[in-house]
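Take a look at the structure set out below.
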Amino acid sequence: MNPTALMIMLLSLAIGTTMTLMSHHWLLAWIGLEINTLAIIPLMTKTPHPRAIEAATKYFLTQASASALILFSATMNAWKTGEWSITLLSDPYTITLSMALMLKLGLAPLHFWLPEVIQGIPLSTGLILSTWQKIAPMTLLLQISHLTDLKLLITMGLTSILIGGWGGINQTQLRKVMAFSSIGHLGWMVLILKFNPQLTLFNFLLYITMTAAMFFFLMSISSTKISEISSSWPKSPILVTTMMLVLLSLAGLPPLTGFSPKLLIILELAKQNTLLLASVTMLASLLALFFYLRLTYVMILTLPPHIPPSSTHWRTTKNSPLTATMTTLALLIFPLSPTFLLII
């Protein structure tokens, strides 16, 4: 892609998200979401492949439907209340706005577009879609969390955790695995949203850090299939070992970063006397743990039987300082979790 066009698209993404973050007005927030949607579509189609075109079309139709629902609900709410304020919602329109934002995020059962779209686009665009594009809808959801129905949030959260774990088990494509991982993590955030919005924000920040680190690794070794990462060990053992640790962090194993939000969410659910909900959540997360461990197993233990020395290119990967920073944060934040929570 032309560097000038790429810079314009990235700048538009930044402007759209910033506009939504700074707005207290539903119309301005909607405009920011629309700018975000329109800015990422050229990035999806920069490789003129039928799969990329299909992914961009699916993404546009889904996001346009969610945006139309947001605009319609906000307009009807303004007609009823006389204000466009984000935090002033009347009862029927809170649910429709929440569902529209969840459709934009890709929460189950409104998740069907997300794995297909991420599968059809490049890894770099998948990184933006899995991290940056979720900031604006999640911020709006956080702002209306005190008005959202608790039963809706718990249902969507549990469904997302189950679908995120179940859908990722039989996948052979790494991008689809990351898509189902995203669905599962968003389920944890929505589950605790009504009880403790600050904990949802903390979980969201850690999710962005860990997902970005994983995508940077996949971009470094240029792997999109599980069968491809098994041959990466001879080429760069340190990189693959670190990537394995990031996967275990995404799975939520102690003492890595990903353990922190899961531990705090379970403790918060126990504090709210919802022990049954906490137990079901922990059992559902075992599905996701299985496919993370499966990926780790593929990386380390399923090496090709005979690799001639001439075909092994040592130290061919170039890691940027951003990859190193994200990896460090994705692995070592757990001891600093109380400090981050105090800041939030």
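Cβ atoms here come from the backbone N, Cα and C positions, even for glycine.
Just so you know, TrEMBL annotations never went through curation; they're auto-generated.
Given the structure is predicted, the values throughout are model-derived calculations rather than measurements.
Residues annotated as domain 'NADH:quinone oxidoreductase/Mrp antiporter transmembrane' in TrEMBL: 23-287.
Sequence-distant contacts of the transmembrane segment (150-170) (same chain, six or more residues past either end, CB-CB distance under 8 Å): 95, 98-99, 102, 107-109, 111, 115, 176-177, 180-194, 277, 280-281, 284-291, 294. The transmembrane segment annotation in TrEMBL covers 150-170 (among others).
Per TrEMBL, transmembrane segment is recorded for 201-218 (among others).
For the transmembrane segment (238-256), the residues of the chain that approach it from at least six positions outside its boundaries are 181, 185, 210-211, 213-214, 217, 220-221, 229, 232, 262-263, 285, 288-289, 292-293, 295-296, 299-300, 317, 319, 327, 330-331, 334-335, judged by C-beta separation under 8 angstroms. Residues or ranges marked as transmembrane segment in TrEMBL: 238-256 (among others).
Annotation comment: TrEMBL describes 276-301 (among others) as transmembrane segment.
TrEMBL lists 289-341 with the feature domain 'NADH dehydrogenase subunit 2 C-terminal'.
Annotation source TrEMBL lists transmembrane segment at 322-343 (among others).
If one looks beyond the transmembrane segment (322-343) by at least 6 residues along the same chain, the residues whose Cβ comes under 8 Å of a Cβ in the stretch are 198-199, 202, 205-206, 209-210, 212-214, 216-217, 220, 242, 245-246, 249, 254-260, 264.
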